[in-house]
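Below: one structure, written as structure tokens.
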Amino acid sequence: MEPWAGCCIFLRGFSFLLVLMTEGAKGGPFKESLGVCSKQTLLVPLRYNESYSQPVYRPYLTLCAGRRICSTYRTTYRVAWREVRREVQQTHVVCCQGWKKPHPGALTCEAICSKPCLNGGVCAGPDQCECASGWAGKHCHVDVDECRTSLTLCSHGCLNTLGSFTCSCPNPLVLGPDGRACAGGPPESSTSAGILSVAVREADSEEHALRREVAELRGRLERLEQWATQAGAWVRAVLPVAPEDLRPEQVAELWGRGDRIESLSDQVLLLEERLGACSCEDNSLGPGLHG
């Protein structure tokens with residue numbers, strides 16, 4: 001058989017002769033699922049063309065024994081078409097009033113609600129909403145105040161929220177794992193005093209380092225002030241020569257030394273401020289702790 005000789009179906013057209021077989025005719029309307037009033041099976045006769053492999057016998061001549069010419073045949077295949085007629089079953093459901101099919105070929109029905117069900121509600125029946133927890137009303141638009149129900153939801157305080165509620169506890173109690181019952185707060189850490197003691201020692205070490213840095217800068221400042229005094233004497237020795245008679249390198253050197261003196265003075269003031277901030281009074285670290 002050739003590779004192209006497989007079967008394929010080509011629909012040319014079909015006519016419908018519907019034979020209704022309504023289920024539940026004896027015992028009332030058939031209900032397969034919610035909202036389905038009847039179910040019908042339709043016998044639909046179909047007529048279409050179908051391709052198939054048709055054998056073809058072709059004669060040919062061949063050489064037989066005794067050098068005789070014989071006539072025989074071989075089989076080949078070709079694609080041919082034939083008309084097929086058969087009946088197929090189709091199922092059709094009829095929805096009850098207030099229900100509809102999700103799509104035309106569906107075998108189930110869903111309820112129709114004229115207004116949508118809000119806040120996670122679902123349409124469970126004709127114009128009937130099934131609301132999610134925490135909501136009520138015809139269209140699930142009313143928030144339920146759980147805190148005013150007869151049920152004890154929280155061991156202490158209860159606060160209503162949209163669609164739910166939250167519990168609260170008075171100090172020093174805290175909410176437990178279930179979010180409703182209150183339990184004792186976490187015990188005060190026994191290492192708090194030790195942590196503060198370490199902080200005090202670190203602050204003392206930083207203060208000593210700052211004091212050393214201030215002393216070093218003060219020494220440098222004193223040396224620069226001595227040089228400034230000498231420079232002033234030198235300037236006075238140069239004067240009463242007019243300032244415009246000073247050489248440019250002399251003016252530049254004077255300005256540079258003055259800038260360094262001003263910069264060091266600013267650093268000393270900044271360190272003194274930091275040193276003052278590090279100084280702690282006896283009760284600044286809490287009761288019972290001293291620097």
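Glycine is treated like the rest: Cβ placed from N, Cα and C.
Summarising the annotation, Swiss-Prot assigns signal peptide to 1-27 and lists sequence analysis as the type of evidence.
Note on the domain 'EMI' (33-111): DSSP counts are 0 helix, 61 strand, 18 coil. Under the heading domain 'EMI', Swiss-Prot lists 33-111, citing sequence analysis as support.
The Cβ neighbour count for C96 (disulfide bond), using a 10 Å radius over every protein chain in view, is 16. As annotated by Swiss-Prot, disulfide bond applies to C37-C96 (among others).
Other C-beta atoms found within 10 angstroms of the C-beta of N49 (N-linked glycosylation site) number 13, with every protein chain shown included. Among the features that Swiss-Prot reports, N-linked glycosylation site is placed at N49, with the record citing sequence analysis.
Annotated disulfide bond per Swiss-Prot: C64-C70 (among others), in sequence order. The number of other CB atoms found within 10 A of the CB of C70 (disulfide bond), across every protein chain shown, is 11.
Among the features that Swiss-Prot reports, disulfide bond is placed at C95-C109 (among others). For C95 (disulfide bond), applying a Cβ distance below 8 Å and a minimum sequence separation of six or more within one chain yields G35, V36, C37, K101, C109.
Residues annotated as domain 'EGF-like 1' in Swiss-Prot: 110-141. Same-chain neighbours of the domain 'EGF-like 1' (110-141): 34-35, 97-102, 162-164, counting only residues six or more beyond its ends whose CB sits under 8 Å from a CB of the stretch.
What Swiss-Prot lists as disulfide bond is C113-C123 (among others), and the listing cites similarity to another entry. The Cβ of C113 (disulfide bond) has C123, P126, D127, Q128, C129 as same-chain neighbours under 8 Å, each 6 or more residues away in sequence. Following the DSSP three-state reduction, the secondary structure of C113 (disulfide bond) is coil.
Its Cβ placed at the centre, C129 (disulfide bond) has 24 other Cβ atoms within 10 Å. What Swiss-Prot records for C117-C129 (among others) is disulfide bond.
Annotation comment: Swiss-Prot describes C131-C140 (among others) as disulfide bond. For C140 (disulfide bond), the count of additional Cβ atoms within 10 Å of its Cβ stands at 21 [all protein chains shown].
Residues or ranges marked as disulfide bond by Swiss-Prot on the basis of similarity to another entry: C147-C158 (among others). Secondary structure at C158 (disulfide bond), as computed by DSSP, is strand.
As annotated by Swiss-Prot, disulfide bond applies to C154-C167 (among others). Neighbour count (other Cβ atoms within 10 Å of the Cβ, all protein chains): 19 for C167 (disulfide bond).
The DSSP secondary structure for C169 (disulfide bond) is coil. Contacts of C169 (disulfide bond) defined by a Cβ separation under 8 A and a same-chain sequence distance of 6+ are given as S155, H156, G157, L175, C182, in order along the sequence. Residues or ranges marked as disulfide bond in Swiss-Prot: C169-C182 (among others).
According to Swiss-Prot, the feature coiled coil maps to 198-231.
C158 (disulfide bond) has a Cβ environment of 18 other Cβ atoms inside 10 Å. Rounded to a whole value, the Cα-Cα separation of C96 (disulfide bond) and C117 (disulfide bond) is 21 Å. Cα of C70 (disulfide bond) to Cα of C131 (disulfide bond): a span of 90 Å. The average per-residue pLDDT of the prediction over the coiled coil (198-231) is 79, rounded to a whole number.
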